[in-house]
Amino acid sequence: MAPNRTSPNIIITGTPGVGKTTHAEMVAERTGLKHISVNDIVKEKECHEGWDDEFQSWIVDEDKLLDAMEEQVLQGGCIIDWHACDLFPKSWIDLVVVLRVDSTTLYDRLTARKYPEAKLQENLDAEILEVLLQEARDAYDEEIVVELQSNDTEEIDSNVDRIEAWVKQWKENNSS
Ligand code: ADP
């Protein structure tokens, strides 16, 4: 089914600290697609039901969030940067990149962010148990879900090259 857009929508997802924002910014710069930080939308458009103190994060109102994003995403060319993916309708999404990282490296990154203990442990468990990868595979067609490693800067470079090449190919395949 050909989507009604001339530029693809990509989700970059994974456990917090895996490198989503770093990748999304670099892909945006290379491809001209727009980096959509879902965290910023949740905060700025108040798509939440308050703040969870233990986990130091917003309690997201998903319906409000989807409403706030819909118009922009349907135009295409969005890189959606968030630690969840299965709330976005399948028809919105052309590629789901799930970033992965070794748990020791993730531990260091989240400790550097001064995560509270409960949140640190929850995220380490989520990475080890491949929660985001499974969520992506359950929500989207197998062929649009790609798992990429994000342990070092060389991997960032090769991941960004790969996503850029994929965007070019998508545009060729979908030009009329
Ligand atoms: P996320 O958006 O998934 O929470 P960020 O992009 O904010 O992750 O990255 C978290 C931290 O880890 C940042 O300091 C970033 O520079 C670093 N980082 C992320 N990915 C890599 C990588 N592949 N190699 C080295 N450092 C990385």
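Glycine is treated like the rest: Cβ placed from N, Cα and C.
TrEMBL labels come from automatic prediction, so no person has curated them.
The annotation ATP binding site is assigned in TrEMBL to Gly17, Gly19, Lys20, Thr21, Thr22, Arg113. Among the features that TrEMBL reports, region 'NMPbind' is placed at 37-60. Positions annotated as region 'LID' by TrEMBL: 112-122.
Known features from TrEMBL, placed on the structure.
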residue: Gly17; record: ATP binding site; CB count, 10 Å: 25
residue: Gly19; record: ATP binding site; CB count, 10 Å: 26
residue: Lys20; record: ATP binding site; CB count, 10 Å: 27
residue: Thr21; record: ATP binding site; CB count, 10 Å: 16
residue: Thr22; record: ATP binding site; CB count, 10 Å: 17
residue: Arg113; record: ATP binding site; CB count, 10 Å: 12
Practice task
Pop the mean pLDDT for the region 'NMPbind' (37-60) in here, whole number is fine.
Solution key: 93
Completion exercise
For ATP, with binding residues Gly17, Gly19, Lys20, Thr21, Thr22, Arg113 per the record, max Cα distance (Å, no decimals) returned as 15
Completion exercise
Reading the DSSP string in three states, the entry for Arg113 (ATP binding site) is coil
Handout entry: Listed binding-site residues with Cβ under 6 Å from ligand 1, out of Gly17, Gly19, Lys20, Thr21, Thr22, Arg113
Key = Gly17, Gly19, Lys20, Thr21, Thr22
Exercise for the section: Summarise the region 'NMPbind' (37-60) by DSSP state, stating how many residues are helix, strand and coil. Expected result: 7 helix, 10 strand, 7 coil
Fill in the blank from the handout: Other than Gly17, Gly19, Lys20, Thr21, Thr22, Arg113, the chain contributes near ATP (Cβ within 8 Å of their centroid) the residues Pro16, Val18, His23, Arg109
